[in-house]
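Copied over from TrEMBL:
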{"type": "DOMAIN", "residues": "37-142", "note": "domain 'Thiamine pyrophosphate enzyme N-terminal TPP-binding'"}
{"type": "DOMAIN", "residues": "234-351", "note": "domain 'Thiamine pyrophosphate enzyme central'"}
{"type": "DOMAIN", "residues": "444-567", "note": "domain 'Thiamine pyrophosphate enzyme TPP-binding'"}
{"type": "BINDING", "residues": "D475, N502, G504", "note": "Mg(2+) binding site"}
Amino acid sequence: MSNEMDTKVSSVDVASPDGEVSSVQTSAVPISHSESTLGRHIARRLVQIGVSDVFSVPGDFNLALLDYLVAEPGLNLIGCCNELNAGYAADGYARSRGVGACVVTFTVGGLSVINAIAGAYSENLPVICIVGGPNSNDYGTNRIIHHTVGLPDFTQELRCFQTVTCFQAVVNDLEDAHELIDRAISTALMESRPVYISISCNLPTISHPTFSREPVPFTLSPKLSNQMGLEAAIEAAAEFLNKAVKPVMVAGPKLRVAKACDEFVELADSCGYPVAVMPSAKGIFPEEYPRFIGTYWGVVSTAFCAEILESADAYLFAGPVFNDFSSVGYSLLLKKEKAIILQPDRVLIGNGPAFGCVLMKDFLIGLSKRLKKNTTAYENYCRIYVPQGHVVKSEPKQALRLNVLFHHIQNMLSGDTVVIAETGDSWFNCQKLKLPKGCGYEFQMQYGSIGWSVGATLGYAQAATDKRVITCIGDGSFQMTAQDISTMMRCGQNNIIFLINNGGYTIEVEIHDGPYNVIKNWNYTALVDAIHNGEGKCWTSKVFCEEELVEAIETATKKKKDCLCFIEVVVHRADSSKDTLEWGARVAAAGGRAPNPQ
């Protein structure tokens, strides 16, 4: 074999977490030995798993690696204004593409991005977080390195990431670099969680024999159900549900992690039960489905949904997350003995038994063949359902109300749009939107980090170029992460951002009010115009009444449809949805419980 050339193989087989093997095609051209470097290998690996955009902030420890990412034909390196937004962007990208990636520098960058990585971990999103690390020669010495807290200890960053990633790889030696990188990437895909990869800053430029073949194949071992456990779980669940009079189904957020969304719909088709979604699962189940009854969120559920669900004698929850937010301060009127709880690889029926090593997808397929048709609960829903009233039309030049705003946002939605809802009052207003077929929906309920939506919008729009992203964000959240509006402009995105200006942290007001919830008002449209600075396509508008809102939406969707459109909506500080008030009161009560006597 020549020292100068190796020949590329034509494809690499990569198995997805559900066991399906896909083939990533590559061109069969020779590459020089000088190009078989660690940096180029990482760049190629990202392309092979479906990443075509990497979000980054440069720093002296990662610059050599960034050179290789820039040089990779299949990659687009997107520089962000700060590491937090780079992580949020990788989160949003992973929601659309299935995997995302960000690259930052050692410790000052790593500890800045870690909040976003923790959010991705909470939402089961595979994000490859790559950090440029210290020179490999400095490991094992007593040296103090810059960008650290001043101790001769390089493990601080690693120890922080151990709690919010499912695998950590510290690459400071080329001999095992290939194995560590592949194990990290495959673990991210298998576990659907973020991973941490630290690359010593002096290694990306160095060639090594393990990188000389292009591409070096790797496979993911498919997850399999225990067949005896699967059969027993299906039999027990079918007996449980078939003897129920009015059973219902509820979709949870981990349906997406389990890659069982289609199988859940097939089960609904076969059994005839009405279907609700948990708030964090909105967008996972098609809302045009004939027996869809809305969002189950306790006392702030879609009208008549909670009544049907809480009066059922059996309910099947697929991939639920029950926390204080989703349970409205632990106030759900559910009984464990009536529930079948499906997790991605586990089934719990009533108070028992539990069946482990049972994949949700396999379980749903088997159960759909064993259930009797039962439409009783849906017929009950139809009997009690009363159509929602119309929003009262505003008087001329009347101050804009939030229900009027979201009435008009509803009319903007189609299969070519995606809604991104920021943590806060937008959760509740966006939850009421009826999603047309193909319309996406994303929000971060478990972690609830305010400001998340700016970076997530950047990342999602970069991944889903066939969709127009519509983002609803409050002024308090926007002040956290506003800078990366500029990155959207640099990328030529045409998102529509509704900035809801009500002068404070509304959701915090409803949980516990105080002077700290009032923020300094900005001239938001002027800020975005300043960021625009005549470079790229951007259009802004500030609206105070319905007439101005209608005109702004008309412009954004027609004349300025290829521009980033920023619409500042000025509303009264006390204009909150009924659901926000109810939810806030109950969460506050849960958080304010007195200590139990010891």
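Quick reminder: no glycine exception, Cβ is built from N, Cα and C everywhere.
Cβ neighbour count for D475 (Mg(2+) binding site): 25 (other Cβ atoms within 10 Å of its Cβ, all protein chains included). Mapped onto DSSP helix, strand and coil, the domain 'Thiamine pyrophosphate enzyme TPP-binding' (444-567) counts 58 helix, 26 strand, 40 coil. Within 10 Å of the Cβ of N502 (Mg(2+) binding site) there are 23 other Cβ atoms, across all protein chains.
Here the domain 'Thiamine pyrophosphate enzyme central' (234-351) has a mean pLDDT of 96 out of 100. Across the domain 'Thiamine pyrophosphate enzyme central' (234-351), DSSP helix (H, G, I), strand (E, B) and coil residues number 37 helix, 26 strand, 55 coil. Remark: secondary structure over the domain 'Thiamine pyrophosphate enzyme N-terminal TPP-binding' (37-142) totals 51 helix, 22 strand, 33 coil, with classes taken from DSSP.
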